[in-house]
Amino acid sequence: MKILADENMPYVEQLFGDLGTIEAVNGRTLTSEQVKDADVLLVRSVTKVNQALLSLNTNLKFVGSATIGTDHIDQSYLASQGIPFTNAPGCNATAVGEFAFIAMLELAKRFDTELKGKVVGIVGAGNTGSAVAKCLEAYGVEVLLNDPLIEADDPRTFVSLEALTERADVISLHVPLTKDGAHKTWYLFDEQRLQNLKPDTWLLNCCRGEVIDNRALIKIKAQRPDIKLVLDVWEGEPEPMLELVPFVELATPHIAGYSLEGKARGTYMLYQKLMAVLGIDADKSMTSLLPTLWSQQVSLDELPSEKALLQLSRFVYDLRDDDELFRKTLLDDSSIKAGENSANNNGFDLMRKNHKHRREFSALKLASAGQSDVDWLLNLGFSGVGR
């Protein structure tokens with residue numbers, strides 16, 4: 001069996017190596033010629049899987065995408081050819097949730113304010129949006145949810161997008177990218193909606209770049225410096241609008257979901273599904289793939305301080321490092337060839353490929369001899385909190 005896998009997908013050899021020959025490929029430049037002899041195709045969001053890509057293949061038995069979203073997959077075509085497909089819903093939800101939470105803590109520190117006491121609106125209450133809400137609610141932050149696609153069958157309380165933008169001090173976007181329908185999300189935040197944001201709004205996008213009209217965002221930010229931006233996704237990836245970057249407080253190259261746990265979870269979910277398709281028992285465990293937990297003795301009595309919580313979060317992941325690398329890579333004049341977007345030269349994709357996958361809060365095992373109520377730290381995701 002020939003297994004074609006994105007070169008940036010971890011643990012493929014450990015999980016799929018017994019099944020056949022594995023060939024690692026560049027997912028963004030994958031061609032029909034490369035795919036023609038594959039029995040299994042494992043991709044990420046940078047690969048568009050459609051009739052054109054699969055036109056030379058008559059042997060494909062399975063397509064798996066280690067992603068939450070599926071807008072890069074022509075599922076109708078796969079179904080018409082009888083090719084089983086699965087993605088990995090929720091695989092990196094915890095990573096995205098913690099990324100957004102840490103970004104909010106960083107903004108609070110930078111602008112000498114407190115996250116606790118603000119109202120946070122979450123647009124899109126699926127796996128990733130719910131993970132953000134989980135962190136915020138564990139910390140005691142008021143959360144508003146907007147998701148017209150699920151609210152009819154979901155017991156949680158929802159508000160309209162208009163009500164959310166009127167009330168929320170912070171807005172975090174977690175929707176799939178859809179171009180059609182009553183609830184399309186392409187340019188959901190267009191020039192008018194951006195202009196109508198309340199003063200001093202923090203706007204975070206960790207889903208798809210085109211959910212915000214980036215050209216309009218440049219225009220609005222020039223007029224409204226009070227709006228603070230955190231962008232992990234960009235219109236036109238892997239060539240973001242470089243003129244937007246200086247307007248962004250925290251800028252990263254679509255790596256919000258890049259935790260070691262999240263990446264392992266995504267690959268493992270594809271492994272489980274393929275084994276089911278093949279009728280073979282999945283006898284490998286995900287926990288065996290991951291390094292052991294870190295241990296850290298901390299004074300939990302100090303953690304009610306938001307700055308102390310930020311320091312603990314930075315021990316797991318310091319978002320400022322990725323922001324600095326992003327700016328250095330894409331805006332460093334010495335790296336820009338005349339007449340070319342620097343993303344083409346040293347780029348966006350290279351940062352993603354070489355990203356050192358961070359750990360999630362659960363990788364940090366805390367211990368304390370103090371008497372503080374620490375249940376909220378367990379709810380936030382940290383491991384082994386005890387006395």
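Keep in mind that glycine also has a Cβ here, set from the backbone N, Cα and C atoms.
Straight from Swiss-Prot, the features:
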{"type": "BINDING", "residues": "SER45, THR67, TYR258", "note": "substrate binding site"}
{"type": "BINDING", "residues": "ASP147, ASP232, GLY257", "note": "NAD(+) binding site"}
{"type": "ACT_SITE", "residues": "ARG208", "note": "active site"}
{"type": "ACT_SITE", "residues": "GLU237", "note": "active site"}
{"type": "ACT_SITE", "residues": "HIS254", "note": "active site, proton donor"}
Neighbouring C-beta atoms (10 Å sphere around the C-beta of THR67 (substrate binding site)): 21
ASP232 (NAD(+) binding site), number of other Cβ atoms within 10 Å: 27
Separation of alpha carbons, ARG208 (active site) and ASP232 (NAD(+) binding site) (Å): 9
Recorded NAD(+) site residues ASP147, ASP232, GLY257, farthest C-alpha pair in Å: 21
Euclidean distance between Cα atoms of GLU237 (active site) and SER45 (substrate binding site), Å: 11
Cα separation, GLU237 (active site) to GLY257 (NAD(+) binding site) (Å, whole number): 16
